[in-house]
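J.: Sharing the record's features from TrEMBL:
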- Cys101-Cys122: disulfide bond (DISULFID)
- Cys121-Cys183: disulfide bond (DISULFID)
- His182, His205, His214: Cu cation A binding site (BINDING)
- 205-222: domain 'Tyrosinase copper-binding' (DOMAIN)
- His335, His339, His369: Cu cation B binding site (BINDING)
Amino acid sequence: MASLPTPTVTAAGATTKTYSSSFTTTSPVISSWPLFSKKCALNKPLKHKISCNAGSSENSLNNLDRRNVLLGLGGLAGAVNLTSVPSVGAAPISAPDISKCGTTPLTGFRPGDNTPTGGDCCPPDSTQIMDFKFPKNEAFRVRPAAHLLSPKYIAKFNEAIKRMKELPETDPRNFLQQAHIHCAYCNGAYTQSSSGFPDIEIQIHNSWLFFPFHRWYLYFYERILGSLIDDPTFALPFWNWDTPAGMTIPKYFNDPKNAVFDPKRNQGHLKGVVDLGYNGKDSDTTDIEKVKNNLAIMYRQMVTNATDPTAFFGGEYRAGIEPISGGGSVEQSPHTPVHRWVGDPRELNGENLGNFYSAGRDTLFYCHHSNVDRMWSLWKMQGGKHKDITDPDWLNTSFVFYDENKNLVRVYVKDCLFTNQLGYDYQRVDVPWLKSKPVPRAPRSGVARKSIGKVKQAKEVSFPVKLDKIVKVLVARPKKSRSKKEKEDQEELLIVQGITYDSEKYVKFDVYVNDEDDDASAPDQTEFAGSFAQLPHKHKGKTMSKTNFRAGLTELLEDLEADDDDNVLVTIVPRSGSEDITIDNIKIIYA
């Protein structure tokens with residue numbers, strides 16, 4: 001494949017220069033992203049095409065010089081000029097008043113021990129809040145793939161984490177204090193009091209806030225680490241679980257002598273291939289099968305099920321409401337299953353990475369989310385409807401974080417849309433899942449028609465339905481045999497509506513389309529439409545939560561030769577914690 005060209009798009013007002021990464025890898029930097037090859041050569045034609053005009057191919061990332069030039073993955077879509085003034089009359093969620101941070105009992109005690117598993121995750125208070133300003137005249141940071149780090153870079157990473165852990169407990173940059181940030185924003189410690197709704201908590205998962213919150217979180221975490229080792233070029237490695245060579249936990253994370261080590265990980269997964277569709281229990285699939293399934297899951301979640309901003313980012317979440325519209329495709333999977341796959345089953349709540357309140361206590365969390373953040377940039381490169389949300393309530397949502405100088409800083413979503421403006425980029429590596437489109441187990445029309453009389457129509461089902469067993473239902477399509485233009489204008493979507501689940505459990509179910517056999521298809525087969533997954537977390541005064549799930553059908557039905565069918569056979573297979581799940585409706589819409 002062609003080598004990756006160096007992007008030359010700059011932020012408004014910036015001067016274009018060339019810079020190079022100073023990090024070293026144990027093997028050559030791979031710069032063969034199909035997204036940027038001149039021919040965009042792929043093994044199979046994609047319905048979702050990749051833009052091929054990203055610039056010249058003269059320079060690779062290996063010979064760039066990391067100086068104050070603003071370019072990178074995030075800059076390819078261009079820069080925007082957005083001020084940090086909320087829109088008049090809008091209802092964005094405002095940054096929490098951290099002085100009103102409340103403690104949340106996080107779920108009891110460890111087995112055979114009286115040590116609480118949770119506690120206070122509130123940060124130190126501050127009387128002053130600074131508004132964020134873009135960095136100027138600073139070294140550019142390039143986040144490297146974690147499995148390609150040199151011994152020198154590993155030592156630097158360990159030293160930075162070590163120094164963070166050695167900071168006083170009262171220092172907001174301290175390792176545990178930084179972990180508390182995630183706990184406070186997602187476990188009921190903060191409310192929307194700054195927005196005028198003190199009785200409604202802030203939750204940064206399961207909605208369109210997932211990506212921007214975690215981008216800002218990593219931004220400040222990375223800057224703190226760099227400042228502690230006096231290296232402004234230091235960048236967080238990303239756990240490259242979307243490519244076969246990176247699908248295991250890098251071995252330096254498992255060395256007890258290293259600061260990045262965490263004993264609370266699944267001991268059976270320290271050397272194995274990660275399962276991006278992890279159900280809570282190990283399957284009997286081989287590593288080769290896992291790799292194949294992982295690549296298919298990536299294609300499904302980044303292409304088929306991420307056709308527009310709502311599908312990718314998640315549903316809307318405004319002041320005065322709870323995040324019930326549903327999380328985006330990548331948040332559902334692979335993000336959530338990876339959390340649970342790493343978490344320690346010996347711990348009562350899957351600590352550390354397997355529970356929201358404790359996830360930030362494992363350094364691997366930040367490398368995991370560095371790759372999740374990378375998906376945002378990769379998704380936008382696909383062009384078409386793959387654009388950032390333009391809703392002012394999303395753009396003007398704000399958070400607060402402590403920076404490397406212990407200042408409390410207010411940031412807005414609108415200011416994190418482009419990684420180049422924030423001064424970082426990602427190492428160029430292969431993106432093999434673009435060539436891993438699932439193939440049908442049995443491409444044939446009429447599967448749904450054969451089920452008439454054997455399986456109930458959705459309109460005949462008495463909802464809500466409990467998901468304590470496999471659920472099969474025929475769902476009518478409002479329109480069949482749509483034209484090419486109709487398909488380009490509107491995606492056909494399967495909606496599982498009103499999913500009520502126990503938020504204190506790891507819950508997961510898989511969804512299949514036109515899969516008439518009793519043994520469900522594997523993720524590398526087209527009949528697999530996607531997964532709903534939620535990591536355990538607490539809410540104030542309740543344990544049950546409600547949300548929605550959506551999956552793209554347009555490409556899937558074409559591949560199954562079912563585009564002319566009147567109905568779709570939907571099969572929902574419970575995987576983990578599903579005995580408490582109920583579903584309000586299953587339907588097909590166009591959006």
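Glycine is no exception: its Cβ is also placed from the backbone N, Cα and C atoms.
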J.: Tell me, which recorded positions from Cys101, Cys121, Cys122, Cys183, His205 are within 10 Å of His369 (Cu cation B binding site) if we use the C-alpha atoms?
T.: none
J.: For Cys183 (disulfide bond), list the number of other Cβ atoms lying within 10 Å of its Cβ atom.
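T.: A count of 28.
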J.: Around the recorded Cu cation A site, report the further residues of that chain (criterion: Cβ within 8 Å of the mean position of the Cβ atoms of His182, His205, His214; site residues excluded), sequence-ordered.
T.: Tyr185, Cys186, Ile204, Phe210, Phe213, Tyr217, Phe356, Ala359, His369
J.: When the Cα of Cys101 (disulfide bond) is compared with the Cα of each of the recorded positions Cys121, Cys183, His205, which one is closest?
T.: Cys121
J.: Please list, in sequence order, the residues in the chain of His182 (Cu cation A binding site) that are at least six apart in sequence and whose C-beta is under 8 Å away from its C-beta.
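T.: Same-chain residues close to His182 (Cu cation A binding site) (Cβ under 8 Å, separated by 6 or more) are Tyr217, Phe356, Tyr357, Ala359, Gly360, Phe365.
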J.: Within 10 Å of the Cβ of Cys122 (disulfide bond), how many other Cβ atoms can you find? Include all protein chains, please.
T.: 19
J.: Can you list, in sequence order, the residues of the same chain other than His335, His339, His369 whose CB lies within 8 Å of the CB centroid of the Cu cation B site?
T.: Glu331, Pro334, Thr336, Val338, Ala359, Phe365, His368, Val372
J.: Cα of His335 (Cu cation B binding site) to Cα of His205 (Cu cation A binding site): how many Å, rounded?
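T.: His335 (Cu cation B binding site) and His205 (Cu cation A binding site) have their Cα atoms 11 Å apart.
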J.: His205 (Cu cation A binding site) to Cys183 (disulfide bond): how many Å between their Cα atoms?
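T.: Cα-Cα, rounded: 11 Å.
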J.: How big is the gap, in Å, between the Cα of Cys122 (disulfide bond) and that of Cys183 (disulfide bond), rounded to a whole number?
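T.: Computed Cα spacing between Cys122 (disulfide bond) and Cys183 (disulfide bond) is 8 Å.
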J.: Using the alpha carbons only, what distance in Å do you get between His339 (Cu cation B binding site) and Cys121 (disulfide bond) once rounded?
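T.: Their Cα atoms are separated by 20 Å.
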J.: Could you put numbers on the helix, strand and coil content of the domain 'Tyrosinase copper-binding' (205-222), residue by residue per DSSP?
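T.: Once the DSSP states are binned, the domain 'Tyrosinase copper-binding' (205-222) shows 13 helix, 0 strand, 5 coil.
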J.: If I take the alpha carbons of His214 (Cu cation A binding site) and Cys183 (disulfide bond), what is the distance between them in whole Å?
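T.: Rounded to a whole number, the Cα-Cα distance is 12 Å.
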J.: Neighbour count, 10 Å Cβ-Cβ cut-off, for His339 (Cu cation B binding site): what number do you get?
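T.: Looking across every protein chain shown, the total is 26.
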